[in-house]
Amino acid sequence: MRSDWIAPRRGQANVTQMHYARQGVITEEMDFVARRENLPADLIRDEVARGRMIIPANINHTNLEPMAIGIASKCKVNANIGASPNASNIDEEVEKLKLAVKYGADTVMDLSTGGGNLDEIRTAIINASPVPIGTVPVYQALESVHGRIEKLSADDFLHVIEKHCEQGVDYQTIHAGLLIEHLPKVKSRITGIVSRGGGIIAQWMLYHHKQNPLYTHFRDIIEIFKRYDCSFSLGDSLRPGCLHDASDDAQLSELKTLGQLTRVAWEHDVQVMVEGPGHVPMDQIEFNVRKQMEECSEAPFYVLGPLVTDIAPGYDHITSAIGAAMAGWYGTAMLCYVTPKEHLGLPNAEDVRNGLIAYKIAAHAADIARHRPGARDRDDELSRARYAFDWNKQFDLSLDPERAREYHDETLPADIYKTAEFCSMCGPKHCPMQTKITEEDLTELEKFLEKDSALA
């Protein structure tokens, strides 16, 4: 779809959406996003120019259907997929991608660390994906030196980062905010460092006693991203991995650095979003969102959850969707889904489905709470169908029509029950929605009440 849009830009020194927006240009991607979001195109351009919105759209991802992440647009949901050395393969990951897109993922991150040739897995995912693809390049950098962290060099990181850009990756998690002086701050934590990428960088710094190479070479990464329009997703290496560690000095020190890096990238017209926690008690979620906006000059916030309790392994799609809905309400731009398998293992297709639906609910609830124009239209339409006992329309309007139909069919599978004025909960005689109050009923009631009032 984008080949003709991109052709005139190829070979230019800076092809980012932010670069064009700051020149006053409304790109085809911005216009496409405006129509998807039902917002004015000049508003999209202005938000991208300001840095409050990103359109992750690598020039080499030509089959992408552009979307926006930002405070002015709908709250988005990311799904993580990826093969591991112990489970999954390229075909399974492409199927997970298709399932994620089917159930509403706005972006997908390929977090593959094994299970085959990582370049082939990534290429297959990008070629099959109409949504933006994100990656964490430090995983492949480590794989390129056979897991020997001490052998990693800055050039190894930069080589992998550029390779991902060449393949068409739309945004990359860059763990540049973790500084060597931050490491002592994790001493008082229960769970230390829980970011895989952050853990790799921390081990590298501890071995070499040198500053984070992604930080010292940040401007080199900027130069790479400019040529492809790859967006930064600045990784929060020190995100809290449990409630005890939330909002601590380690997390907030890194956040301050992430804000500084955001502004450096903006100086070169490179798009940025900032990643956030994690595990956060409900009473600290608003603080975390407000603090990120303050430190990072309102760059879009992209949070993992957050989980609001640590005691529910197997149900962390629920514990985190609670926090995600609150974070979205307070202004988070994108929510990274958590599956029921979180902390326990690699998610399968059903886990992806359950995690995504939980997060589509959270994002939609946030849009309603933020009074986004039209956010509640679908809810109202489904409610009217429910009141009219239009079961098929209810199914069609559901976030997961297959699951809604499946549950109805468990007790009332026959077609005749798809027009019945009851379900198996109340049965045919006790459903309160059978009580239809007409205009005529209300008119008669008003007359009675007026008469009764006069007599009193």
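Along the chain as shown, the residues are counted starting at 1.
Heads up, the Cβ atoms here are built off N, Cα and C, so glycines get one too.
Features reported for this protein in Swiss-Prot:
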| type | residues | note |
| --- | --- | --- |
| BINDING | N80, M109, Y139, H175, S195, R196, G197, D236, S237, L238, R239, E275, Y302 | substrate binding site |
| BINDING | H279, H343 | Zn(2+) binding site |
| BINDING | C423, C426, C431 | [4Fe-4S] cluster binding site |
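Features as recorded by Swiss-Prot, highlighted on the structure.
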residue : record                        : Cβ contacts under 8 Å, 6 or more apart
N80     : substrate binding site        : V108, M109, L111, C336, Y337
Y139    : substrate binding site        : L111, S112, T113, L118, R196, G197, I200
S195    : substrate binding site        : H175, G235, D236, S237, L238, R239
Y302    : substrate binding site        : I69, N78, S233, M273, V274, E275, G276, T332, A333, M334, L335, C336
H343    : Zn(2+) binding site           : P313, D316
C423    : [4Fe-4S] cluster binding site : H408, T411, L412, C431
C426    : [4Fe-4S] cluster binding site : P432
Three-state secondary structure, G197 (substrate binding site) (per DSSP): helix
DSSP-derived class (H/G/I helix, E/B strand, else coil) of Y302 (substrate binding site): strand
Maximum Cα-Cα separation (Å), residues N80, M109, Y139, H175, S195, R196, G197, D236, S237, L238, R239, E275, Y302 listed as binding substrate: 20
Coarse DSSP state, helix versus strand versus coil, of N80 (substrate binding site): strand
Chain-internal residues, separated by at least six, CB under 8 A from H279 (Zn(2+) binding site): P240, G241, C242, L243, D245, A246, G305, P306, L307, D310
S237, R239, C431 as binding-site residues, winner by CB count within 10 A: S237
Output field, [4Fe-4S] cluster shell: CB within 8 Å of site CB centroid, site C423, C426, C431 dropped: F422, S424, M425, G427, P428, H430, M433
